[in-house]
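Chemist: So that we are looking at the same thing, I have put the structure below in structure tokens.
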């Protein structure tokens, strides 16, 4: 196999590796499923429970360590380190959950450690997609990160298929959160490396990957609505979702087999022309080179539709970035939208319980499934817009998605369960899309050279927002409970919904201002 063909298949294999990593890199996203039971087992208040949700995000305050580590360490080692943090963080909780010696502050530290591990794996996935797909980094990052939105669904499907209803829900999920990331990380370790940059754009491969991701999302939503009503068991749903998660592997395997067959055909042709004259051999070599270029056509776009290279932006380091007004507009608008959505999703367990819903996992799975589609939106937009010769601003896209989220928060004031499911789907999809857009928005605003550190500084808004919004949500919940251990009714979170809706509206305004500023600066730089 030629080095170029081998390189092409290895590039796609690295993308498949990041997809599998992202699919299991959200163990904290299933917290809402077992949070109520955890609250009862450890006898903690609603405020303390929300602090545990914050603890997972607090680990992201030190996420920039993973960016620094990625500069000096092999990427596979960075990923294994992140998985090890999850193994220790959730594993110790699983082993000693019912032990009275495992106190609340132990849970907080262990949850923070596991949350920090997520940053390490995320950093690896981002860097591999950006560096191995230079011409399609946005599309590759979007496809990879979309699977992060599916994590809660993946863990929920495995739990339903493997564990019985008589087993502790909290311990079941803690066990999965501990061992699954390490198992998958070790399995994909050989593919986690940066390869020689290539600007070849494999058109059909991306289309095939989009088809797989759409099928995976449909399967996830189908399972969230309810498989039993359609005659499917939990194990059958797990197998079907598992097959779809393995399917991306067909892309690198197909490219490798295709190139191998072409090499065999070329070798046969070379054997038949061994007796040609020297000048004919030279002519044959030229013809062969032309044919090799033509052979790329089935999986590459024509010259007229070459990728539009993004205009180079200023490369900004961490400390310099903190001094920019654009950074703080970006930081606050992200916190008032994407982070706010994550806080809502962290509270889904208590929200469902207060509304009288017995099966919290259904609501969590629904938000995860729509979050998956939301994270996929940026890839679709990038792929088809670039083919037509233009790029869509990430900042403008984020601003456009914040408005529906704000509306959904106000809709939650209605006591209807149907409205709860609809609003959850909207917030899940918009939050997923915003967090996915933000990955490329960071490089759009501050360059790619220091991306590993810069983006981890940006996502530090998540623990800050999680602490503030989560605390006030818990405070108003306990206030409405009027001294009782639990609160029931739509009034429990009514005040929080109003605050979240207004805050998200402010975030929309800030992001719009950021877009106008960045557009004007770009126009000035082009005119100069």
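One is the number of the first residue shown, and numbering goes on along the chain from there.
Each Cβ is built from the backbone N, Cα and C atoms, and glycine gets one as well.
TrEMBL does not curate its annotations; it predicts them automatically.
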Chemist: Match it up for me: which of 327-345, 346-364 does TrEMBL list as transmembrane segment?
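Modeler: Based on what TrEMBL states, transmembrane segment spans 327-345.
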Chemist: Tell me which of 175-195, 259-279, 280-300 corresponds to the transmembrane segment entry in TrEMBL.
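Modeler: When 175-195, 259-279, 280-300 are checked in TrEMBL, transmembrane segment belongs to 175-195.
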Chemist: How about the transmembrane segment (365-383) and the transmembrane segment (458-477): do they have 3 or more C-beta pairs under 8 A, pairs 6 or more apart in sequence?
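Modeler: Counting Cβ pairs under 8 Å (6 or more apart in sequence), the transmembrane segment (365-383) does not reach the transmembrane segment (458-477), since there are fewer than 3.
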Chemist: When only pairs 6 or more apart in sequence are counted, do the transmembrane segment (419-446) and the transmembrane segment (327-345) reach 3 or more Cβ pairs under 8 Å?
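Modeler: The transmembrane segment (327-345) and the transmembrane segment (419-446): touching, yes.
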Chemist: With the transmembrane segment (207-226) as the reference, which stretch in 70-92, 104-129, 141-163, 175-195 has the largest tally of C-beta pairs below 8 Å?
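Modeler: Looking only at 70-92, 104-129, 141-163, 175-195, the most contacts with the transmembrane segment (207-226) come from 141-163.
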Chemist: Look over the recorded stretches 70-92, 141-163, 175-195, 238-258 and say which has the most C-beta pairs under 8 A to the transmembrane segment (104-129).
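Modeler: Between the candidates 70-92, 141-163, 175-195, 238-258, the best contact partner of the transmembrane segment (104-129) is 70-92.
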Chemist: Given a Cβ distance threshold of under 8 angstroms, which distant residues of the chain, six or more beyond its ends, lie next to the transmembrane segment (141-163)?
Modeler: 15, 18-20, 22-27, 29-30, 32-33, 122, 125-126, 129-130, 169, 172-173, 176-177, 180, 209-210, 213, 216-217, 220, 223-224, 234-235, 237-238, 241, 245, 361, 364-365, 367-369, 371-380, 382, 428, 432, 435-436, 439-440
Chemist: Can you name the far-off residues of the same chain, 6+ from the ends of the transmembrane segment (238-258), with a Cβ under 8 Å from a Cβ of it?
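Modeler: For the transmembrane segment (238-258), the nonlocal Cβ contacts are 1, 5-6, 8-13, 15-16, 19-20, 23, 153-154, 157-158, 160-161, 202, 205, 208-209, 212, 215-216, 219-220, 223, 232, 299.
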Chemist: Go through the chain and flag residues at least 6 beyond the ends of the transmembrane segment (175-195) whose CB is under 8 A from any CB in it; none is fine as an answer.
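Modeler: Answer is 7, 10-11, 13-14, 16-18, 20-21, 23-25, 27-28, 30, 74-76, 79-80, 82-84, 86-87, 89-91, 94, 114, 117, 121, 124, 127-128, 131-132, 155, 158-159.
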